[in-house]
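As recorded in TrEMBL, the features of this protein are as follows:
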type	residues	note
DOMAIN	64-125	domain 'Nitrite/Sulfite reductase ferredoxin-like'
DOMAIN	135-317	domain 'Nitrite/sulphite reductase 4Fe-4S'
REGION	214-235	region 'Disordered'
COMPBIAS	224-235	compositional bias 'Polar residues'
DOMAIN	338-401	domain 'Nitrite/Sulfite reductase ferredoxin-like'
DOMAIN	415-526	domain 'Nitrite/sulphite reductase 4Fe-4S'
Amino acid sequence: MTDKVSTSTASLNKFEKFKAEKDGLAVKAEIEKFASLGWEAMDETDRDHRLKWMGVFFRPVTPGKFMMRLRMPNGIITTDQMRVLAEVIQRYGDDGSADITTRQNIQLRGIRIEDLPDIFEKFHAVGLTSIQSGMDNVRNITGDPVAGLDAEELFDTRELVQQIQDMVTNKGEGNPEFTNLPRKFNIAITGGRDNSVHAEINDLAFVPAFWEEKGSGDKGEGEQQTAQSPTSGSQSRQFGFNILVGGFFSAKRCEAAIPLNAWVPPEDVVAVCRAVLEVFRDNGSRANRLKSRLMWLIDEWGIEKFRNEVESKLGKPLLGAAAKDEIDWEKRDHIGVYKQKQPGLNYVGLHVPVGRLYAEDLFEMARLAEVYGSGEIRLTVEENFIIPDVSDSRLETLLTEPLLEKFSVNPAPLTRALVSCTGAQFCNFALIETKNRALAMIKELEKELEVTHPVRIHWTGCPNSCGQPQVADIGLMGTKARKNGKAVEGVDIYMGGKVGKDAHLGSCVAKGIPCEDLLPVLRELIIEHFDARLREAVTV
Ligand code: SRM
Ligand code: SF4
């Protein structure tokens, strides 16, 4: 740990102070004690903050009913694990639910503190972990949801994502080396051609790129000066990743990631993650929490110095970036039935309205993945799920299963691309209700409009942007608006977010639209910008 962390406590923000007093991970040893004390008698800093190092979130909106955020490396979960999650929330009746998150992950709701020892034991038995999933830690590491299934993929990301998680969390046991970062940290790897992980909005991202030997490829001049040969001249074209750094959203500032001007072969990815995390941990600002994400450090130093510091932690020079990356497809949403690279097998993507699930859904998803697939489920950053390995002969029967009436393989175009953050139902930062409102409004719009292709509408309850409105065709960010002199729930509207090839962020086009006036505004935007028209029977 740096001098910055240990000595200059006067300049530390309140979060840094409580972390310096007691590391968040220390609560791991106190779970039994908390369970017998109960949430009301616990030390408040342990309860409201440090428990997040175990993935357990106190919810001021539902005191006593905690949220639990898992880790699902590459968005993969087995049916045994899924059943454990189902059992955990089942015991909470109406309070129990789960959400698929925008980081290919699952959060559980309704959790009681007295049940934590039993829950952690169950997790351990099936290889699940929720460790280091909140506060100043590395979040769930995302990878291609169809890794290993997609015939066109360039690289199967599954193993690498797992290795990074193992490094960061010490195989799920907790790793004090990385439990006191200056702020949260997001990592993504994509090995497909469509950037299905939103690489550009992560603090550290790896995108597929071929390194070309000097003279045999089309590397730019600047890059040639720094490039070393990855294979001592034995090969002229090698697969690896260009590195992006510093992407993030926050209430204060949103930035797309920028090139580190570096390329790595797959075998160096874990070491580069470690090096970047060490540089961030030891040098990131701990004074102002609003200016603590990695990009602020890159701004302060400039990308060259940052790159040099990463090299020095890595203990060897980085190669220059490959001249181009291989992201050349539009982004897929994976909903529907698709052939796998394994002959005779298919993956089936099911749409989960705004990612919300209940115990019976989880049990049923597990059953289907076992009966028709290979006992595995994949999650997507659009809050949906995929059942892989369905044989041609079983496909038709799967498509007649009752669960597919709720989780469709062919949803209507606006519903299909709807994403929403948690919002006011459970999140105390929320300025508006999101999930239920998003669903109600999309239902109305589907009734009124004939739409030929999906329009990606993302809702987020506040400027923290967990619902990623800046990547959407139409992004809706909760705010307080005024109507007839009264404060009402409203949204700022974002447009122009582009995903997949040439991804870039959208920007704010309208501010403070009251939610009660939003429906006609959305209708007009969709007609004007996305080739929709009013259904004949509808008059507005
Ligand atoms: Fe988030 C905080 C939910 C993805 C930016 N986010 C929160 C908290 C923990 C706040 C709280 O304590 O209530 C929310 C928990 C609400 C709840 O009860 O569910 C919360 N964030 C979520 C999830 C569940 C939204 C969803 O419905 O899917 C996502 C969980 C991902 C996961 O599995 O780990 C989620 N959050 C994101 C993303 C999107 C992404 O990672 O691609 C972002 C923007 C990208 C980024 O971080 O750069 C995001 N969340 C934030 C921020 C702003 C960070 C900042 O630097 O200021 C906060 C506030 C904070 O950390 O102080 C925040
Ligand atoms: Fe909560 Fe705001 Fe994140 Fe939505 S965007 S989950 S309201 S912090």
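In case you wondered, yes, glycine gets a Cβ from its N, Cα and C as well.
Remember, predicted model here, so these are calculated numbers, not experimental data.
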Candidates 135-317, 338-401, 415-526; stretch with most C-beta pairs under 8 Å toward the domain 'Nitrite/Sulfite reductase ferredoxin-like' (64-125): 338-401
Three-state composition of the domain 'Nitrite/sulphite reductase 4Fe-4S' (415-526), taking helix and strand from DSSP: 31 helix, 38 strand, 43 coil
Integer mean pLDDT for the domain 'Nitrite/Sulfite reductase ferredoxin-like' (338-401): 98
Number of helical, extended and coil residues in the domain 'Nitrite/Sulfite reductase ferredoxin-like' (338-401), per DSSP: 23 helix, 21 strand, 20 coil
Helix-strand-coil residue split for the domain 'Nitrite/Sulfite reductase ferredoxin-like' (64-125), DSSP-based: 31 helix, 18 strand, 13 coil
